[in-house]
Amino acid sequence: MEATLLLVVGYSHSKGVAISFLVLAVGFSGFAISGFNVNHLDIAPRYASILMGISNGVGTLSGMVCPIIVGAMTKHKTREEWQYVFLIASLVHYGGVIFYGVFASGEKQPWAEPEEMSEEKCGFVGHDQLAGSDESEMEDEAEPPGAPPAPPPSYGATHSTVQPPRPPPPVRDY
């Protein structure tokens, strides 16, 4: 829709019509942008921010190059020069729509799934190797036979304890 409206802008014969259709074209671009932005989350939720950064980076580069190209194309500011600008913009939009329609997907991609890790790959061991405990220390802490196994060491706060509120401080008379 946006591409068609840009064609109308390029070939309109009055300023009022051109401005009206340009406003409509920019307004309809919101529909395309919203679908495009959500698509990153659809195809790869874990990597959506990376994909968004790449696509916005490419879009920003084209936004930097286009004014230079338009300036070179419209040296004399004639109607025909601007018609070519809007024709090219419309064709680029149509090309993007066709490319997106053919190759885009809303399905989660297989490369976006995390690898399944087996116990062997994870390398779990019976005790904490990072704690730096010697075997002599391990012998001192031997569990009596029949005792339940000790919980694994904790690496930070895994639960929170709520403490009762403190009483207010005493009032001081000076």
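Even glycines carry a Cβ here, placed using N, Cα and C.
Taken straight from TrEMBL:
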- 16-38: transmembrane segment (TRANSMEM)
- 50-70: transmembrane segment (TRANSMEM)
- 82-103: transmembrane segment (TRANSMEM)
- 111-174: region 'Disordered' (REGION)
- 134-143: compositional bias 'Acidic residues' (COMPBIAS)
- 145-154: compositional bias 'Pro residues' (COMPBIAS)
- 164-174: compositional bias 'Pro residues' (COMPBIAS)
What are the helix, strand and coil residue counts for the compositional bias 'Pro residues' (164-174) according to DSSP?
0 helix, 0 strand, 11 coil
Are there residues at least 6 beyond the ends of the transmembrane segment (50-70) whose Cβ is under 8 Å from a Cβ of it, and what are they?
36-37, 40, 43-44, 85
